[in-house]
Each structure stands twice: as structure tokens, then as C-alpha cells.
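Here is the structure we will look at.
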């Protein structure tokens, strides 16, 4: 359902999405080029004491950095524009569909659930679009480009990537698979809190008339506690992600420094190449981590898209009559 929703409502923003991809390609290429320039500066400038080479390479690195910054700003601008327009169009479509519902459809969903679906659920999918435009486009390019550039620097250390990247991806996949049912339950709990709160606000006079304040506070407290416990379970799973990535990244850095140091000692590798190798490996691991953050948001956005799709796919039982009779107004 998420793919169908994105395909339908992002179609009017093809130009913005194309601009995002182009800007991200240039920005990622610039980010991948910087470690190589840094390696040349160390090996051919610093170690040889060539001041002119250091200055020329430094100016080149500065220009590449400026290009990267400009392209990053452009990708964020067009990505946000497409995402905000997407959210506006989805909210408009949901509101139009809800406006045609009869009392039967309102009774099926409930007013609190319809409010949540048109606000919080749309916002979650919209946030996924924003993050995808700014991060998801860059992550695979950064990962593949980092692998290619690291192999170009030193193919002998490429086996470290062959071990760490699959381990990191499998670890992230295991955690994310546990988050899908938790996010689905969380959206249901939000509906429950909204339902109880709406009933209490609209019926506040009846509650006070029958002195039911304590029981209503208890009912809201139960719904709130259920939402809190579900959110804590999601938070615990989320809290595992970053430390896990950092542990794998640090172990990888230690392995690269250890084996790269032996190659430098034997004369088969230069210091600049080791520095560039470390930069590329960190870029690869960070791209996997950024993709995992998107994957972490995807389960909740998928659940929200399913809930939005249920509203959009529901037809009203009130339909225009087949043989409509035109009623003429009497002359005044």
C-alpha cells in the first residue's frame, strides 16, 4: 500500500524528484572524491614537503566542498518541496473521501481514528518521503562508490568490507523486523487515546453531572499507559541501533588500522592511502546506518499508509439514485 500511495501522489512532482537525484549524485561524487584528494595531499605534498602541491590540492578540496554544500542544499530544497506537496495532496484526498462518508462508514472507523489518519498517519508517510529524498538516494550511491574507491586505494583490505557490511545489514534487518508489529500496535494505541480524550471532552457535562471524573481519569490513564508501554518498547529497539552501528564501525576501523599498519610497515601501502581507506570505510558504514534509519521509519510509515489506504478505498453507501428526478423550483 505504501508503494501505491507514493506512486500515485508523487507523480506530479517528477521534476522535483529528478532534481533531488541529480543534486545527490553530484554531492555524493564530491564526498567520495575528497578522501582521494586528501590521500594525494599527504603522499605527494606533506611527505615530500611540496608546498605548492599542498596549496593547489587544498584549493581543489575547497572547491569540491563548496560544490558538495550547494548540491546538498539543492537536494534538501527540492526534496522538502516534493514531500510537503505530497502531504498536502494526501490530506486533501482523505478529507474529500471522508466528506462523502455516511454514518455507517463513520461508525466503522470512528471520528478519532479518522482524525489520526488524516494528521499523524499522513505526517509519518510525509516524513519518510523527506528522509528518502535527502538520505535514501545518497546511501546506495555512497555505499557502492565507497566500495569502489576503497578497492582502488587498496584491494588487499577489501575483505574487511566483505565481512562488516553484511554483518551490519543483517543486524539492522533483525532489529527492524521486530519493530513492524510494535509500530502497528502504536498507531492503534494512539487511536485509543484520541478516542477516549474526544469522548471526555465532548461529554464533559455528562461526566460532571454523574460525578464520573475519577473513573474517566482512570480510563484515560489506562489508555495512556498502554500507549506509553508500546512507545517504550519501540524506543528500546530504536536505542539498540546506533550503539550497534558504532561498535561494528569501531571494530572495522581497528581492523583497517591494524592490517593497514602492517602493509605500511612492509612498504606495500602509503599513509595517505590508509587515511583514505579509513574515510571510505566510515562513509560506507554511515551510508548503511543512514539507510537503516530510513528502514526504521519504513515500518511505521507502511502501517500508516495501510490505514490511509483503508479510508481512500472505502466507498460510501450513500450513492446517487439511478433514476434521479429533477425538482423544479416554483416561481417566486
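Glycine too: its Cβ is placed from the backbone N, Cα and C atoms.
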Handout entry: Per TrEMBL, the range holding transmembrane segment, considering 157-176, 177-196
Key = 157-176
Fill in the blank from the handout: Students should find that the transmembrane segment stretch in TrEMBL, chosen from 102-126, 127-151, is 127-151
Exercise for the section: From the ranges 213-236, 237-260, pick the one that TrEMBL records as transmembrane segment. Expected result: 237-260
